[in-house]
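Asker: Here's a structure for you.
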Amino acid sequence: MKKFNVLIVGGGSTWTPGLLKAICSRQDTFPINRLVMYDINYERQKIIGEFAKVLFKEEYPDIHFSYTTDKEEAFTEDIDFVFVQMRTGGYEMREKDEKIPLKLGVIGQETCGPGGFAYGMRSIRDMIQLVKDVRSKTKDAWILNYTNPAAIVAIALQQMFPDDKRILNICDQPENLLRSYGRLLNMNERDFDPVYFGLNHFGWFTHLYDPQGNDKLPELREMILKNGFRPADYEQRDKSWLETYAMVQQMVRDFPDYLPNTYLQYYLYPDKVLKKLNPDFTRANEVQAGREKRVFEDCVRVAETGTAKDSNVVANDAHGEFILIVAESIAYNKGDNFIVILKNDGIISNLPDDAMVEVAASITSNGPRPYAVGEIPTFYKGLIEGQYAYEKLTVEAYMEGSYAKALQALTLNRTVVSAAKAREVLDALIEANKEYWPELR
Ligand code: G6P
Ligand code: MN
């Protein structure tokens, strides 16, 4: 079996230890020759890098591992896969993305609404640079990208690199949902053959076939209507995520056709969700006090004690597993079905060809081979078209340095609606993002 060279960009992420554990547990199905972790933040990279050394010594002794903040060392000609999970501006800026809109009475969230807009305007620059850095060394490496907001990043990369067939934008949330359905139905998430349509963080499951070809969605809908909905790993989840999943019940009650992505709560019930969000303590703060603290403390402890055996950083989370099984399917031309982000080109026949949609596809060594969705009903089409217009205008605002387009984008967003509010939030975000955004004129 060929062994692969992998580069992780954003090696200092709170998600990295889970990914490293998944790399260990999948070494027979996705063997790695050399693994390099790269981050611009040496402090964070070092802590997780030292953890990785101990983990690999115990669980993956033949892997060649190193970590670096040096681009020259990170980007090489022989890379096969680049796993990207960068966060431009770090949690400091995530906190601002959430708090600035909230203080003005609008949803403040990592990827949805004005927070997602702000984050998108930051991510585009670094993601374009990342692709250039990789491509300056190799045309062959696959770039698997988790960087958020994935919907906006995907449009920007599609515009900048239209002929690059080895960039794939992915999100673990559909996978998280499949795991949650699996737990309810007592099934493994891989045994589902899902039909899904929409944009990233803005989509719906329409069918969920089991290996015998039975659609399990009607049964799930009844279960959710009756008993509510929880994440598969609810024992490990913070309060805000449990509340988010719980909202699925109301979404299914109001719009019972399909099963919604949890992120739709921000667009369908902005008033209701806004009341639950605390402008002084947002998800960024919750992560910093929870996952970030736990992960970094645990990594330091593992490096000190010299063993990762009793490490309690998350193992087998969807985030770490999903990117690896997608990579495996590409590496060995397995053709497994996953929900990924792709240029529409007729997959959803009544949406524009250039939309970057999230759908199920067979993942092969020649890239994703999507399954046709066909026409979608007016309500969903209307929602998606509005959201897509917002995303596209965001990318155009960035590329053209256009204040007018930024204002149009935010006005179109269902979490904002009022043009006066959009302007107020935009001006505050411009101020906070001076270091990162192009100048908007
Ligand atoms: C899901 C989404 C990611 C998002 C993450 C936020 O996994 O798919 O796109 O970044 O949730 O999680 P957090 O725990 O940081 O709020
Ligand atoms: Mn996501």
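Glycine is no exception: its Cβ is also placed from the backbone N, Cα and C atoms.
The following feature annotations were taken from TrEMBL:
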BINDING   Arg94, Asn148, Arg283  substrate binding site
SITE      Glu110  site 'Increases basicity of active site Tyr'
ACT_SITE  Asp172  active site, proton donor
DOMAIN    196-416  domain 'Glycosyl hydrolase family 4 C-terminal'
ACT_SITE  Tyr263  active site, proton acceptor
Asker: Checking the spread of the substrate site as listed (Arg94, Asn148, Arg283): what is the longest Cα-Cα distance, in whole Å?
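Answerer: Greatest Cα separation within the listed binding residues comes to 15 Å.
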Asker: Nearest to Arg283 (substrate binding site) by Cα distance: which of the recorded positions Glu110, Asp172, Tyr263 is it?
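Answerer: Nearest candidate: Glu110.
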Asker: Cα-Cα, whole number of Å: Arg94 (substrate binding site) versus the residue listed as 'active site, proton donor'?
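Answerer: The separation of the Cα atoms works out to 19 Å.
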Asker: Ligand 1 is in the model; which of the recorded positions Arg94, Asn148, Asp172, Tyr263, Arg283 have a C-beta less than 6 angstroms from one of its atoms?
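Answerer: Going through Arg94, Asn148, Asp172, Tyr263, Arg283 in sequence order, those close to ligand 1 turn out to be Asn148, Asp172, Arg283.
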Asker: Looking only at C-alpha atoms, tell me how far the residue listed as 'active site, proton acceptor' is from Glu110 (site 'Increases basicity of active site Tyr'), rounded to the nearest Å.
Answerer: 11
Asker: Test of understanding: give the count of other CB atoms lying within 10 angstroms of the CB of Arg94 (substrate binding site).
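Answerer: Here the count is 25.
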Asker: What does the structure give for the C-alpha distance between Asn148 (substrate binding site) and Glu110 (site 'Increases basicity of active site Tyr')? Integer Å is fine.
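Answerer: Computed Cα spacing between Asn148 (substrate binding site) and Glu110 (site 'Increases basicity of active site Tyr') is 8 Å.
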Asker: May I ask which residues of the same chain, at least 6 positions away in sequence, place their Cβ under 8 angstroms from the Cβ of Asp172 (active site, proton donor)?
Answerer: Tyr146, Ala318, His319, Phe322, Ile323
Asker: Compute the centroid of the Cβ atoms of Arg94, Asn148, Arg283, then list the same-chain residues not in that set whose Cβ lies within 8 Å of it, in sequence order, for the substrate site.
Answerer: Arg87, Tyr91, Asp97, Glu98, Gln109, Glu110, Thr111, Gly115, Tyr119, Ala284, Val287
Asker: Including all protein chains displayed, how many Cβ atoms other than that of Asn148 (substrate binding site) lie within 10 Å of its Cβ?
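Answerer: Its Cβ has 23 other Cβ atoms within 10 Å.
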Asker: Provide the number of Cβ atoms within 10 Å of the Cβ of Tyr263 (active site, proton acceptor), excluding the reference atom itself.
Answerer: 23
